[in-house]
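According to TrEMBL, the protein carries these features:
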type     : residues  : note
TRANSMEM : A:18-37   : transmembrane segment
TRANSMEM : A:49-69   : transmembrane segment
TRANSMEM : A:110-128 : transmembrane segment
TRANSMEM : A:134-153 : transmembrane segment
TRANSMEM : A:165-184 : transmembrane segment
TRANSMEM : A:190-211 : transmembrane segment
TRANSMEM : A:216-235 : transmembrane segment
TRANSMEM : A:241-265 : transmembrane segment
TRANSMEM : A:339-357 : transmembrane segment
TRANSMEM : A:391-414 : transmembrane segment
TRANSMEM : A:426-453 : transmembrane segment
TRANSMEM : A:460-478 : transmembrane segment
Amino acid sequence: MRAKVHEPIDFGHALRDALVTGVLTLLVLGPVTNLVLDGYAITAELLRGPLIVNGIGLALVVALGRFVVAVGVQTPAGRDLLTRFGQKGAHGVTVETAADNDWHRVLRPLVIGGALSLLLLVLSRFGLMDVQRAAALVLIVLFVVLGQGLGSLRRRGQSSPWRILVPLLFVAGLVLPLLFNAWGLFPKTWIGNLILALIYVLLGLGLNIVVGLAGLLDLGFVAFYAVGAYFLALGAQYFGIGFWTALLCAPILAACCGAVLGFPVLRMHGDYLAIVTLGFGEIIRLILNNWLEVTGGPNGAPAPGPSLFGLEFGRVARGEGNTPFHEFFGLEYSADYKFLFIYLVLFVVVAAMIRFITRLRAMPMGRAWEALREDEIACRSLGINHVVVKLTAFMMGAMTGGIAGVFFATYQGFVNPTSFNFFESVLILAIVVLGGMGSTLGVIIAALVLTLLPEVLRDFADYRVLLFGALMVLMMIWRPRGLIRPKRPAFAPKGA
Amino acid sequence: MSSSRPALLTVEGLTMRFGGIVANNDVNFTVDQGSITALIGPNGAGKTTVFNCVTGFYKATEGRIRLQTEAGEVEVGELLTRPVLGGSYLVARAGIARTFQNIRLFKEMTAVENLLVAQHQRLNRNLLAGTFDSAGFRAAEDEGIERAFHWLRVMNLLDDANKLAGSLPYGRQRRLEIARAMCTGPRLVCLDEPAAGLNPSETEELSELIRRLRGEHGVTVLLIEHDMGLVMGISEHIVVLDHGEVIADGGPAHIRSSPAVIAAYLGTETTEVTP
């Protein structure tokens, strides 16, 4: 194939292709758009405008497009592009090499990230972009680079630049939002958007353990999210627990729920497992919806905000003898403080979770998950208790979902069952699939893109689901293994 | 058979029925400590069923399969029916490792990772130790990597250490599967048609490897094989199955001259030859 780069371009063929597609489009769309019913007569309006309702025009556009594509793929550049995409579909997973931890390899995302941030700031400086949006995007870029740093494991006996960079990025991630907020670049709306984005990162990471690593298709993941959220809301209502208690206890409760779900479904595979988990997700939602006396049903339940060493973030303190945060520090009241605080805590928790999950993959437990995904029978023949391994995967995933739920509840200040419907589960699953099953960085990027894109593209809100579907189709064609393919760790014996 | 070595595995009255089909009927044989025992027979004789019963993938309908371990005698059926925690993984932990007729490697993991998974029981599985990469965890992990490379060396696979298992050529995948079984630290390793799909020189190399496994690494080998050259060359004890029953049991010379075996493989005019 490579040798025949100078093959002449077959214009006739391209023309024929273009003609066929054009005529087909005309046949399909022409009668619908260009024949207009006027009274009792049908008139043919050949030059009907605008273009979108003119089948003839559309047919011309389609034919032209097909011609360009047909010629394009015959050029060397086009052919290269095709073979590149073809190859990527063919072999998915690669093994990391020693060069992966080199300075220049590590610096590449850093440089790209830095350049991107700079570009955004320049754009906003000249008024080409909303300043607040640019500031938020800078924070996102920072988080993605940090995510890559946290998600890469140092090879034994090798120094990695990430060792210095990760703490720096981490501190920057904590300080920059405060500075941006103080400069008025980071208002409440954007803090809220970023909080939601990070919550979805957390959910994606959790489901990634179950689906991506252990290979158990879970369509009811949102149930654990709901458990975490309602634990804070109902716990505060009935037992007076606060945000921090919930943050510690909700993961345990969610993990227990994961175990409860895990036990009956352990014998199932693939489709059956998916259906049972789907049912579990719906059961939790229906309980929350219908058990009016306890959960408040569709009316939902209020959830308390966070506190900082007993200081509340409300305008006036709720608890007796408590001082609000702003009074204690002698500041002007601002609702931003609460959200900023949630953002910072969430940032720390997500960073810790990324690190934890990255370590898990290098631990016997994580390896056993992946082995189980590859071949359950072989696992059993090696003395691995597949029941326990599956159960741990369910529990770890549920735990992460539970933590995300607590943050969601405290951020919203209110929870009700509509937040935990099936579509949420699908969205989280889409994050995992688009990001690349088993890839931490891929999941982070996919979560940020899928949650923030609708915010950035508010004008196209009506076409959100359409765009979402188109994105899915394109990804499945070009990158069926997801955005980022995970790399296998390489090992060397001690002597080498 | 008539050896002075103690029996490592004793199969007594093993019967396996699938509904109305009798796959194995009253199979009896022993595998001596440190021996290479082969299980042969025509297609459909029930060899793999015996294998699956021995390695705990099937629960035998009747009969006992006893394994001698350091901690005493273990009955395979009892491990499978143990309440709540019973399962075939316990058989593997008791010291019976196996390979599969159609290779079952973890294809999207590297060769070393495959071997590390096999050492699951020996590594440090403490969640906290692993998360914070403690000294104990690192030591256990290093030891595991060392052991993995040891077996790669034995199996002559060092060059493929960091390649994906699924990308290896067929013969190497077979060897990697044996290495993986050995990484569990077994007393008995069961090889299901290890030479299937190998060319003559690879088969030669394999028989040398199996001999070394027994000779240098002190493991007992039980194998199913169709390649008679390999079977006759390396095994000192052969059990022949036909229609789910043992028709001959003894050394290679005995089997070669057994009329029942010849009848089973080649057929005879007088069909009453079966014992």
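Placement of Cβ uses the backbone N, Cα and C atoms for every residue, glycine included.
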Review point. Between the transmembrane segment (A:165-184) and the transmembrane segment (A:216-235), are there at least three Cβ pairs closer than 8 Å, leaving out pairs fewer than 6 positions apart?
Key: no
Exercise for review: Would you confirm whether the transmembrane segment (A:216-235) and the transmembrane segment (A:241-265) meet the contact rule of 3 or more C-beta pairs below 8 angstroms, pairs 6 or more apart in sequence?
Suggested key: yes
Review point. Top stretch among A:18-37, A:49-69, A:241-265, A:339-357, A:391-414 for CB pairs under 8 A with the transmembrane segment (A:426-453)?
Key: A:339-357
Revision key, fill the gap. Across A:18-37, A:49-69, A:339-357, A:391-414, the most C-beta pairs under 8 Å with the transmembrane segment (A:190-211) come from A:391-414
Exercise for review: Using a Cβ-Cβ cut-off of under 8 Å, list the residues of the same chain that are 6+ residues beyond the ends of the transmembrane segment (A:241-265) and lie near it.
Suggested key: 220, 223-224, 227-228, 231-232, 235, 273, 276-277, 280, 304-307, 349, 390-391, 394-403, 405-406, 409-410
**Study point:** Annotated stretches the transmembrane segment (A:49-69) and the transmembrane segment (A:110-128) touching (3 or more Cβ pairs under 8 Å)
**Key:** no
Check your understanding: When you scan the chain for residues with a C-beta under 8 Å from the transmembrane segment (A:391-414), skipping those not six or more beyond its ends, what do you find?
Key -> 192, 195-196, 198-200, 202-203, 205-210, 213-214, 216, 218, 221-233, 243, 246-247, 250-259, 261-263, 266, 300-306, 339, 342, 345-346, 349, 353, 360, 365, 369, 372
